[in-house]
Amino acid sequence: LQGIFVLGLPYALLHSGYSGLLLIVLAAALCCYTGKILIACLYEENEDGRLIRVRDTYEDIANACCKKLCPRLGGIVVNVTQVVELIMTCILYLVVSGNLLSHSFPYVQVTEKTWSVIAFVMLLPCVFIRTLKIVSKLSQLCSLVHFVIILVVMTYCLTQIHQWSWAKFRLSTEFEDFLVSVGVIIFSYTSQIFLPTLEGNMKNPEEFRCMLNWTHFFACVLKTTFALTAFLTWGEETKEVITDNLPSFLETLVNLCLLTKALLSYPLPFFAATEIVYSCISKGNHSNYRSPLLALSVRGSFLLLTLLMAMFIPHFALLMGLSGSITGAAMTFLLPSVFHLKLKWKKLSFLDKCADISVFILGFLCSLAGIVCSIKGLLEVFG
């Protein structure tokens, strides 16, 4: 999903101007920070003062925070939020795949919904994915395709360097346009759902913080460079997905690459969502399926659910924006800061507490603004 958001960054700069460049850097710093405090909630000090990993998942952290109120309430809220966000992401990949196939083969008399069904057929092997190793290999291929797309777009932009002009940047922006940019930029960095599992599977978990710093740094540099070069190339003509600005011969090539990326990206959120549901049903661990038939049924049901919702829900983009504003902001900003304050309050310095509270307030405002804009859009659509 981050690749799809990255392709919208030049459009975000169109609406945010110079403030968008600052926002790309700020979003990287904030998401890196919330990732660190979320992982810190997995650990507690033992009698010797050494940090021991006493929790494994986002759910465990939530249950620990709500232990006195209701032992399982926090875990239920987190699991529902995670599953909704992950399933919405999977549906978006199907919708995008259908759209890309339709644009790549315009002479084939087939509707976008039919193309989505064809993409669904290509994704059927996902029901047999049982380990994170397979998902990680697919994600590596996805990253490779992503860099090819970025390389093609940036190479073309550099051939148009004689047309660049800093005068294309805005100094002031409309508030609603700026909110659109905030959503695109912030959610191009979100990865908190996967961090506990990622940290738990690292050979050297003590290197997690360093890894997070470097990945967010390079992501920030890449996104800033890409957004800037693309916007300077097309200026006011920048479209929502920057590949639509490319010449036709390049657009077809990039669309096919995007299709490949969407199909390779689908297994990660799909696997994560089905693992959460299966673990809730079986109350077993996340790595081994004790009942292969039940596991296959869960994965098959989820795969079919994503297809049905992609085909039959009207105005899915607006609903995606609404759910993303709620679940995305909650998982990225609100819950990590609340959990960190709850579990580590006595050991946090005054500045740490101020930082967590500031992140919570900022996340709440972003979420509220996104909800208002999405509801406004839905009301306009439905008259």
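Backbone N, Cα and C define each Cβ position, glycine as well.
Taken from TrEMBL as is:
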type     : residues : note
DOMAIN   : 2-375    : domain 'Amino acid transporter transmembrane'
TRANSMEM : 20-43    : transmembrane segment
TRANSMEM : 76-95    : transmembrane segment
TRANSMEM : 115-132  : transmembrane segment
TRANSMEM : 144-166  : transmembrane segment
TRANSMEM : 178-198  : transmembrane segment
TRANSMEM : 210-233  : transmembrane segment
TRANSMEM : 253-281  : transmembrane segment
TRANSMEM : 293-313  : transmembrane segment
TRANSMEM : 319-339  : transmembrane segment
TRANSMEM : 359-379  : transmembrane segment
With pairs fewer than 6 apart in sequence excluded, do the transmembrane segment (20-43) and the transmembrane segment (210-233) have three or more C-beta pairs that lie under 8 Å?
yes
Taking the transmembrane segment (293-313) as the reference, which of 76-95, 115-132, 144-166, 178-198 gives the largest number of Cβ pairs under 8 angstroms?
115-132
May I ask for the residues of the chain that lie six or more residues beyond the transmembrane segment (178-198) and have a Cβ under 8 Å from a Cβ within it?
2, 5-6, 8-9, 11-13, 15-16, 19-20, 23-24, 27-28, 30-31, 34-35, 38-39, 42, 55-58, 61, 82, 85-86, 132, 216, 219, 223, 268, 272, 286, 321, 324-325, 328, 331-332, 336, 366, 369-370, 373
Same chain, outside the transmembrane segment (76-95) by at least 6, Cβ under 8 Å from its Cβ: which residues?
1, 4, 58-59, 61-62, 116, 119-120, 123, 193, 262-263, 265-266, 269-270, 272-273, 276-277, 280, 302, 305-307, 309-310, 313, 316, 320, 323-324, 327-328, 330-331, 335
